[in-house]
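Participant: One structure, pasted below without further comment.
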Amino acid sequence: LKLNPYAKTMRRNTILRQXRXHKIRMDKAAALKAKSGEKGVPDKKPVVEKKGKKAIGKKAVGVKKQKKPLVGKKAVVTKKPAAEKKPAXKKPTTEEKKAVA
(Lines of atoms letter the chains of each structure in order from A; the text may use other names.)
(Lines give C-alpha, C1' and ligand atoms only; values in the text may rest on other atoms or scores of the structure.)
Protein backbone atom coordinates (compact mmCIF):
# COMPACT_ATOMS: atom_id res chain seq x y z
CA LEU A 1 0.00 0.00 0.00
CA LYS A 2 1.21 3.45 -0.90
CA LEU A 3 0.19 6.08 1.58
CA ASN A 4 -0.82 9.49 0.30
CA PRO A 5 2.20 11.74 0.90
CA TYR A 6 -0.11 14.76 1.09
CA ALA A 7 -2.46 13.23 3.70
CA LYS A 8 -0.73 14.94 6.62
CA THR A 9 -0.67 18.28 4.79
CA MET A 10 -4.30 17.95 3.78
CA ARG A 11 -5.30 17.14 7.35
CA ARG A 12 -3.34 20.11 8.68
CA ASN A 13 -4.81 22.44 6.04
CA THR A 14 -8.32 21.21 6.82
CA ILE A 15 -7.86 21.95 10.51
CA LEU A 16 -6.40 25.38 9.77
CA ARG A 17 -9.21 26.17 7.31
CA GLN A 18 -11.86 25.16 9.86
CA UNK A 19 -10.16 27.29 12.53
CA ARG A 20 -10.04 30.27 10.15
CA UNK A 21 -13.73 29.85 9.23
CA HIS A 22 -14.67 29.52 12.89
CA LYS A 23 -12.79 32.71 13.77
CA ILE A 24 -14.50 34.60 10.94
CA ARG A 25 -17.90 33.32 12.10
CA MET A 26 -17.21 34.40 15.67
CA ASP A 27 -16.04 37.85 14.51
CA LYS A 28 -19.23 38.30 12.48
CA ALA A 29 -21.35 37.26 15.47
CA ALA A 30 -19.49 39.73 17.70
CA ALA A 31 -20.01 42.49 15.14
CA LEU A 32 -23.74 41.74 15.00
CA LYS A 33 -23.94 41.84 18.78
CA ALA A 34 -22.12 45.17 18.84
CA LYS A 35 -24.47 46.61 16.21
CA SER A 36 -27.57 45.42 18.03
CA GLY A 37 -26.14 46.83 21.27
CA GLU A 38 -25.55 50.24 19.68
CA LYS A 39 -29.05 50.43 18.23
CA GLY A 40 -30.59 49.36 21.51
CA VAL A 41 -32.88 46.85 19.84
CA PRO A 42 -34.34 44.60 22.55
CA ASP A 43 -35.80 42.17 19.97
CA LYS A 44 -33.40 39.34 20.73
CA LYS A 45 -34.11 39.15 24.47
CA PRO A 46 -37.89 38.57 24.04
CA VAL A 47 -37.11 35.97 21.40
CA VAL A 48 -35.01 34.12 23.97
CA GLU A 49 -37.96 34.24 26.40
CA LYS A 50 -40.35 32.95 23.72
CA LYS A 51 -38.05 30.04 22.95
CA GLY A 52 -38.40 28.75 26.49
CA LYS A 53 -42.13 29.41 26.93
CA LYS A 54 -43.90 29.01 23.59
CA ALA A 55 -43.76 29.23 19.80
CA ILE A 56 -41.67 26.12 19.29
CA GLY A 57 -43.79 25.38 16.21
CA LYS A 58 -43.18 28.89 14.90
CA LYS A 59 -39.43 28.38 15.21
CA ALA A 60 -39.59 25.15 13.24
CA VAL A 61 -41.62 26.81 10.47
CA GLY A 62 -39.13 29.67 10.27
CA VAL A 63 -36.21 27.26 10.07
CA LYS A 64 -37.91 25.26 7.32
CA LYS A 65 -38.57 28.40 5.29
CA GLN A 66 -34.91 29.33 5.51
CA LYS A 67 -33.74 25.86 4.51
CA LYS A 68 -35.90 25.51 1.37
CA PRO A 69 -34.25 28.36 -0.61
CA LEU A 70 -30.83 27.06 0.41
CA VAL A 71 -31.69 23.62 -0.94
CA GLY A 72 -32.83 25.22 -4.19
CA LYS A 73 -29.57 27.15 -4.48
CA LYS A 74 -27.54 24.02 -3.81
CA ALA A 75 -29.47 22.14 -6.51
CA VAL A 76 -28.78 24.90 -9.04
CA VAL A 77 -25.11 24.96 -8.10
CA THR A 78 -24.94 21.17 -8.38
CA LYS A 79 -26.42 21.19 -11.88
CA LYS A 80 -23.91 23.67 -13.30
CA PRO A 81 -20.75 21.67 -12.49
CA ALA A 82 -22.42 18.52 -13.85
CA ALA A 83 -22.96 20.32 -17.16
CA GLU A 84 -19.34 21.48 -17.16
CA LYS A 85 -17.97 18.01 -16.43
CA LYS A 86 -19.59 16.33 -19.45
CA PRO A 87 -17.55 18.19 -22.12
CA ALA A 88 -14.39 17.86 -20.03
CA UNK A 89 -14.59 14.01 -19.95
CA LYS A 90 -12.95 13.61 -23.42
CA LYS A 91 -14.02 9.97 -23.84
CA PRO A 92 -13.16 9.84 -27.59
CA THR A 93 -9.52 10.58 -26.74
CA THR A 94 -9.36 7.44 -24.59
CA GLU A 95 -10.90 5.38 -27.40
CA GLU A 96 -8.39 6.79 -29.87
CA LYS A 97 -5.54 5.74 -27.58
CA LYS A 98 -6.94 2.19 -27.43
CA ALA A 99 -7.31 2.12 -31.24
CA VAL A 100 -3.71 3.29 -31.69
CA ALA A 101 -2.44 0.65 -29.25
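Positions of Cβ are set from backbone N, Cα and C atoms, glycine also.
Pulled the feature table from Swiss-Prot, pasting it below:
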- Lys2: SUMO2 cross-link (CROSSLNK)
- Lys8: N6-acetyllysine (MOD_RES)
- Lys28: N6-acetyllysine (MOD_RES)
- 31-101: region 'Disordered' (REGION)
- 31-50: compositional bias 'Basic and acidic residues' (COMPBIAS)
- Lys35: SUMO1 cross-link (CROSSLNK)
- Lys35: N6-acetyllysine (MOD_RES)
- Ser36: phosphoserine (MOD_RES)
- 51-71: compositional bias 'Basic residues' (COMPBIAS)
- 81-101: compositional bias 'Basic and acidic residues' (COMPBIAS)
Participant: Quick one: of the recorded positions Lys2, Lys8, Lys28, which has its CA closest to the CA of Lys35 (SUMO1 cross-link)?
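Facilitator: Checked the recorded positions Lys2, Lys8, Lys28; minimum Cα distance to Lys35 (SUMO1 cross-link) goes to Lys28.
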Participant: Between Lys8 (N6-acetyllysine) and the residue listed as 'phosphoserine', how far is it from one CA atom to the other, in Å?
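Facilitator: Here the two Cα atoms lie 42 Å apart.
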Participant: Identify, among the recorded positions Lys2, Ser36, the residue whose Cβ has the fewest other Cβ atoms within 10 Å in this structure.
Facilitator: Lys2
Participant: Between Lys2 (SUMO2 cross-link) and the residue listed as 'phosphoserine', how many Å separate their Cα atoms?
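Facilitator: One finds 54 Å between the Cα atoms of these residues.
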Participant: CB neighbours of Lys8 (N6-acetyllysine) within 10 A?
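Facilitator: The answer is 10 other Cβ atoms.
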Participant: What's the CA-CA gap between Lys28 (N6-acetyllysine) and the residue listed as 'phosphoserine' in angstrom, rounded?
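Facilitator: Answer for this pair: 12 Å between alpha carbons.
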